[in-house]
Amino acid sequence: MNTGGRLIAGSHNRNEFVLINADESARIRSVQELRGQTCEICRDEVELTVDGETFVACNECAFPVCRPCYEYERREGNQACPQCKTRYKRLKGSPRVENDEEEDDIDDIDNEFDYMNNGGGIGFDQVSEGMSVSRRHSGFPQSDLDSAPPGSQIPLLTYGDEDIEISSDRHALIVPPSLSGHSHKGHPASLSDPTIAAHPRPMVPQKDLAVYGYGSVAWKDRMEEWKRKQNEKLQVVKHEGDPDFEDGDDIPMMDEGRQPLSRKIPIKSSKINPYRMLIVLRLVILSLFFHYRILHPVKDAYALWLISVICEIWFAVSWVLDQFPKWYPIERETYLDRLSLRYEKEGKPSELSPVDVFVSTVDPLKEPPLITANTVLSILAVDYPVDRVACYVSDDGAAMLTFEALSETAEFARKWVPFCKKYCIEPRAPEWYFCHKMDYLKNKVHPAFVRERRAMKRDYEEFKVKINALVATAQKVPEEGWTMQDGTPWPGNSTRDHPGMIQVFLGSDGVRDVENNELPRLVYVSREKRPGFDHHKKAGAMNSLIRVSGVLSNAPYLLNVDCDHYINNSKALREAMCFMMDPQSGKKICYVQFPQRFDGIDRHDRYSNRNVVFFDINMKGLDGLQGPIYVGTGCVFRRQALYGFDAPKKKKAPRKTCNCWPKWCFLCCGSRKNRKAKTAAADKKKKNREASKQIHALENIEEGRVTTTKGSNVELSTEAMQLKLEKKFGQSPVFVASARMENGGMARNASPACLLQEAIQVISCGYEDKTEWGKEIGWIYGSVTEDILTGFKMHSHGWRSVYCTPKLPAFKGSAPINLSDRLHQVLRWALGSVEIFLSRHCPIWYGYGGGLKWLERLSYINSVVYPWTSLPLIVYCSLPAICLLTGKFIVPEISNYASILFMALFSSIAVTGVLEMQWGKVGIDDWWRNEQFWVIGGVSAHLFALFQGLLKVLAGVDTNFTVTSKAADDGEFSDLYLFKWTSLLIPPTTLLIINVIGIVVGISDAISNGYDSWGPLFGRLFFALWVVIHLYPFLKGLLGKQDRMPTIIVVWSILLASILTLLWVRVNPFVAKGGPILEICGLDCL
């Protein structure tokens, strides 16, 4: 056994064995020399066998597994290789387990039956062999110890003086290579009670430790650390959350780091099974309902009946598209302690993957710099290794105000970041930390916290004053434009014609915080803009950030947030890494989407700004399929997925062949021949395809660049591959080289100046020309809602996404609480869906055969089809008023069977909503607000988006709707009561007026016609009131804030006054009940 100059130590009592180096670097060198590998389960190094070779657990696929993992898998696990699923065979030095095969070629009787309860440790023969090697290197006679009895083959190590009670043949010797020519006999410790403390017994008390060389420095500390680790292996912890383990099953603590970093939590069967049964029952009721509706037309109102049936069929189809993607809802749980145990080992650099964070902003006057600064500060203070975080801020407006505000932010971060990490502040956006009404002393024990918090609050207030001063200065732009401190003009004075700009504020050498600690990198980026180029708005800006970060840092994972969405949970990146860095399931995940949570919304959430139903019900349902859709912010991406690469595919198990029939069976033989023929044909097609690709690549190579000799085949293929990548990613060799690094990383020996010059190139206007950017790579162009399109492309490549909902919301942002602003936000989303519907990327016909699951496809179809629902919705909301004004109805005289159907349909709709609220943990207020705004947005923003999208795509006419502010009130949530006129308000206002008029006319008509007319009136009134109740939040937004009288009183007072007036006219108390008395006057009027 070759020890490589290392010291051998062991324990006879425990039958244990260890190799120890003098220092860490020597240990690493020796392992590299012997071709060491890393265990794929525990990430420890795979040890060497007694022959000096790397330990191989599986002879079929050589999957790297260390011996402790191999022994644990055989003893407690599936007894099979994790990769090829081949059953592990017993290797020499391992104890026998159940179902082991008899093998005659292994002569290992000492370890075969696990003597002394070794549990699969190193055998006596290996240790004795190692000791023999040590003795040969030490200069000891081989015959002195070879004759030792079997029970004393492993000597014991001692510290201190000799013990006269221990025989001389039970002593261990520690001799450095420099003293190998000298011969000494040692006297190690006794095999007596190990609990008795040993007294120091050095063999040569006067000798200095420095002369011992390898294995002698801090030898006692190393042995104590080794003993501590061995004791930890014997400790057990309760295993939680794994359905494969029953209550009471224990696993060793050493296996905690091998456990999955997250797990799925399915919805309880008591909640989800009734929900699914009700969905099926609702389908049956719908089929019976349409059977009745189609077979019972209304002859005197045939047009109204036909229109209503068409609208109802569309609503049913829309419900199916929305309902079935929620068939498999799940929740997830992460284990941050396991992540740290696996990738953050004590005394070693962190192995967590680097993350590049993208923040996008355009106009600092509409997106206040103070809000952007808080977002950046929360990123810089995130709970993640500082050398593995880089923040890139995209200023697509090239505003000097944003540049100067970011410079002030970088200076304030030198104080804010150490304060947050020292006292574990949450949230780490200072504006929200200082303004929240909370007990900031909770869990704080440091005596200086209060004093430092007051000082930090004062520093932040001074920082706010500086930012406000910059904003006030920027209100009036000089005629000649802004200039820098050195007198040079600001390059972004012309927002539509300026060069690319990159500035690294933090992360460079010499820039540290006030406590002299390193800070994350902060980079300002403003891409080049020139007239005549299509810059593709936000999607183009995000693609520029991808390329810049690929050149400067090239982290394997990306996080994008809007400028008004700060990190509310400092462990958000770790939550995402629990999915991305999981060795088993993380390789197929393209992104981790977090829900959007908002601050500054009124308690009643009048316009459903929180969108709780979508984030807590729909997204959980999608997570059980192929993953949630990308919603534009709060999402951690895998860089390789954004580069358009396909998801890794699982290796299919070999197909079973039919050996049950004799060879002369023509059926089996024929099937074998056909299978072989098909395989051969497929291989031939594959070869032809590869050849055609190579020919196509060779045709694009310039003449004279490569030769056609046999010796240049490797160079030819390399240049062809480089040419193909440049055609895909652009003409930047540095970025192309970074794109080929699956795990990220930077090129060696690259100077910052060269990288900065290359970064300027990749954000130039013409860089994307004749490339696949925006088509197959990065954020996809062609829609204002680039988020849906980008996520759809990645799912079409076979990737899956994950929905992460930590208890403390990961991100928080601001939402427009004003009615007009909210409608314009919904208008933009719906317009993007219409653009996708009319493009080649429409999920109805795009992406088949690429790995997209059919239920996931239904969800994407629903996300682009929903604006079309505005047409039947606005027609259906007009029908009640038309029926009340004309006296007609869309349903014939209702029989008992029809009444049962209607009651069953409405009951199923209500109970479905209740069950969704139950498993989605959504309140009834949020659910009802969502239902109301579905009608409000459907008859206003969705309708305008549909016509605007048709004009833009088909006619090339781009229309915009202006928003005009009319009046505002002071006080809390003043924006909620701000009235802004826009054309989007016209359709819902019209519907409200005609339905209110219809209700008044219908009631007056029933009063005039008597008792018999009240029965048919109830059905018409029900539908009219359904419309009015759903549009009620819109009506409150129109009327604004009433200082003395609530809106509801005003509306219902007018309605009741109209009804009572009609009733007064009908009763007329001043006229006799019998009618007027007529008498004959006796005059002849003719």
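Counting starts with 1 at the first residue shown.
Placed from the backbone N, Cα and C atoms, the Cβ positions cover glycine too.
TrEMBL entries are annotated by machine, without manual review.
Sequence-distant neighbours of Asp396 (active site) (same chain, six or more apart, CB under 8 Å from its CB) are Ser360, Thr361, Val362, Ser526, Arg527, His535, Lys537, Lys538, Ala541, listed in sequence order. Annotated active site per TrEMBL: Asp396 (among others), in sequence order.
Counting every protein chain shown, the Cβ of Asp787 (active site) has 24 other Cβ atoms within 10 Å. Taken from TrEMBL, the feature active site covers Asp787 (among others).
Sequence-distant neighbours of Glu367 (UDP-alpha-D-glucose binding site): residues of the same chain at least 6 apart with a C-beta under 8 Å from its C-beta are Thr361, Cys563, Asp564. Summarising the annotation, TrEMBL assigns UDP-alpha-D-glucose binding site to Ser360, Lys366, Glu367, Asp396, Lys537.
The annotation Mn(2+) binding site is assigned in TrEMBL to Lys538, Asp562. In this view, Asp562 (Mn(2+) binding site) is surrounded by 22 other Cβ atoms within 10 Å of its Cβ, with every protein chain counted.
Taken from TrEMBL, the feature coiled coil covers 674-701.
Here TrEMBL flags 39-85 as domain 'RING-type'.
Comparing Lys366 (UDP-alpha-D-glucose binding site) with Asp562 (Mn(2+) binding site), their Cα atoms are 13 Å apart once rounded.
Annotated UDP-alpha-D-glucose site Ser360, Lys366, Glu367, Asp396, Lys537; additional same-chain residues within 8 Å of its Cβ mean position, judged by their own Cβ, are Thr361, Val362, Asp363, Gly397, Lys538, Ala541, Cys563. Counting residues per DSSP class in helix, strand and coil order gives 9 helix, 4 strand, 34 coil for the domain 'RING-type' (39-85). Local packing around the Cβ, expressed as the count of other Cβ atoms within 10 angstroms, is greatest for Lys538 among the binding-site residues Lys366, Lys537, Lys538. Our reading of the UDP-alpha-D-glucose binding annotation (Ser360, Lys366, Glu367, Asp396, Lys537) yields a largest Cα to Cα distance of 16 angstrom.
Using a 10 Å Cβ-Cβ cutoff, Ser360 (UDP-alpha-D-glucose binding site) registers 24 neighbours.
Rounded to a whole value, the Cα-Cα separation of Asp562 (Mn(2+) binding site) and Asp787 (active site) is 12 Å.
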